[in-house]
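Database features (Swiss-Prot):
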| type | residues | note |
| --- | --- | --- |
| BINDING | 230, 231, 232, 284, 382 | L-serine binding site |
| BINDING | 261, 262, 263, 277, 348, 349, 350, 351 | ATP binding site |
């Protein structure tokens, strides 16, 4: 959640941030009203408690009828105190709900607008010219079939639409990508983590995924648990309710986990293949650091993402995501999009967000800096989302006979230079 002091002291700044995201600014007035109600409820409760304490001092000194009258008054006042306490709890809950509904304040540098209002920051590499190579590129579905790497028919038979099996070279390619990603992360100072893919509601809500993204989340009926759409969720909750040593920051983690997404708003989009699926595996970078250092750390996360894509010898671009497409918790987000030859366009492969103090305030994670305890910041960044990366690698490095050249960085993990077709 945002800093309550910013809401109280700079409400116009919060209103402007809402408008920049394309959202109504009425939520600001609602939150300020809830804050006022909460303060009045606290004052009323404290006044009743003070009256109760004062009355308690008079009773031992009273005698006879006066004492009986005071005792009767005590009973009445006790009920009023209980009522005032309940009213305070209701007001506090309403205030917290109002505050939690406000998204992080988008960075001044983030473009205004929605999904299509991003700004292209740079383009790296040149999309391959298949005409010059003398053949028409196959899409990843056909390549996956020829290589015996992707089985969509059996995925649909067993689990339904947007599911798949990775087999043979496909399974090997996933493991190679995970190993390469984890090797890079470890060499860059990250601690490898295998994260749980089921979490309690607080972890999901604390990361902002029960707000705008609630429709895309799988809930396990009868258990009050959720399947995560990214290991950002368990890693943000990893240090919940903790005070970290400020001198030990940054803490960098590289977490591997399955990711589950309903893709509720994606009807009719990418219905074939493995670009948009209900389940995929991912290596995610996650960082705890000071707010002051978070902006430079964000650039470092982007640099590590770019390094990984360049190891895979992919043409890609970096975009500055517009405020309306940031999601609840992000202050700023950069996406790396790889060129997909058969689609003739760039598609998102990685994303990195600076969430500043938004998640740590919700999850009560703070840092100790000498005698001071204060909120810290979190950042996240995709190092390798497996299925989309497989799509980009297969389509970019395919050869005329349906074989696929293995990028040099992956060759030690795959043990060969070329993936050969098993069928035509």
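Numbers here mean position along the shown chain, with the first residue as 1.
In case you wondered, yes, glycine gets a Cβ from its N, Cα and C as well.
Calculated from their C-alpha atoms, the gap between residue 232 (L-serine binding site) and residue 349 (ATP binding site) amounts to 16 Å.
On the backbone, the CA of residue 350 (ATP binding site) and the CA of residue 382 (L-serine binding site) stand 5 Å apart. Residue with the densest Cβ environment among the binding-site residues 277, 349: 349, by other Cβ atoms within 10 Å. Taking the mean position of the Cβ atoms of 230, 231, 232, 284, 382 as the L-serine site, the remaining same-chain residues with a Cβ inside 8 Å of that point are 233, 235, 255, 257, 259, 282, 285, 286, 380. Within 10 Å of residue 351 (ATP binding site), judged by CA to CA distance, lie the following binding-site residues from the set 230, 231, 382: 382. Using a 10 Å radius centred on the Cβ of residue 231 (L-serine binding site) and all shown protein chains, the other Cβ atoms total 29. Considering only the residues assigned to L-serine binding, 230, 231, 232, 284, 382, the longest pairwise Cα distance works out to 10 Å.
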